Every structure is written in structure tokens, then in C-alpha cells.
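Pasting the feature list from TrEMBL:
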BINDING   13, 14, 15, 16, 17, 18, 19, 20  ATP binding site
DOMAIN    1-140  domain 'Kinesin motor'
REGION    116-140  region 'Disordered'
């Protein structure tokens, strides 16, 4: 991610297969997402030129009942709309339109977003999917 590429973490599997634990872990045994967040910000701190261009954002979604659900919507939203994947015909990328994206300044803020996503993913059938740090590079 520090080289200017987007990165993400994905967990998939059947119900009760350990997706949430793999992604989020626990206080005593952190999961992939908090460990990656800590490593990302530690690596950025070791590269002063990277810090100047660092932009990390957090998004989270779940596949539930055959659709995509935004896990970072404001708590007051009672019925989150279903999200639709949009494919970029030229680049071959698939993006999820209208997905909440929160810019974070450090690993602690990223961890707060991940914790909100973990709590939002508790309804039966929800499978949390990781975060997406975005780190643009400076133009050449």
C-alpha cells in the first residue's frame, strides 16, 4: 500500500467458520485487520516521504441474504440500502457504489472503524469483509 496501490483484506467462508475472528481477532489475539493496520502505519512512520502522501480510508461491507450491506453507515440509518457492484469496463475493476469510506489518520482510528464494522456484522448471515486502505502516490 505504501507504493501507491490500493489494498484490502477479505474473509469468506460458511457460517461460523471463523471469518470475524480471522479479521478482527480479540484483545489477546488480534486478527489480520488490526495487525495490518499497525504494520501499515509503522512502515509509513519509518518512511517520512510516505507519510506526506499517506491517505488511508476504511470501508467495510458484508454479503448478507444475497446482497451487499455497508457496515459503516451511521447508527441512525434504520434500513441500509443494498449496494450494487459496478464494473469498470475499461480497467476490469469492480467497485461498490455508494460504499461509506472514512479517512483515518492513524491505526487507532482505523481500529475504531473496524470495531464498528465488526459490531454491525453481528446479524445472522452477515459475513464481514475487511478494510481498504488507499495510499496515493505523489505525481512523478
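Backbone N, Cα and C define each Cβ position, glycine as well.
Heads up, TrEMBL stuff is auto-annotated, nobody curated it.
Looking at the shown structure, can you explain where the listed features end up?
Cβ neighbour count for residue 14 (ATP binding site) (all protein chains, 10 Å cutoff from its Cβ): 8.
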When a 10 Å sphere is centred on the Cβ of residue 13 (ATP binding site), how many other Cβ atoms does it contain?
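Residue 13 (ATP binding site): 10 neighbouring Cβ atoms within 10 Å.
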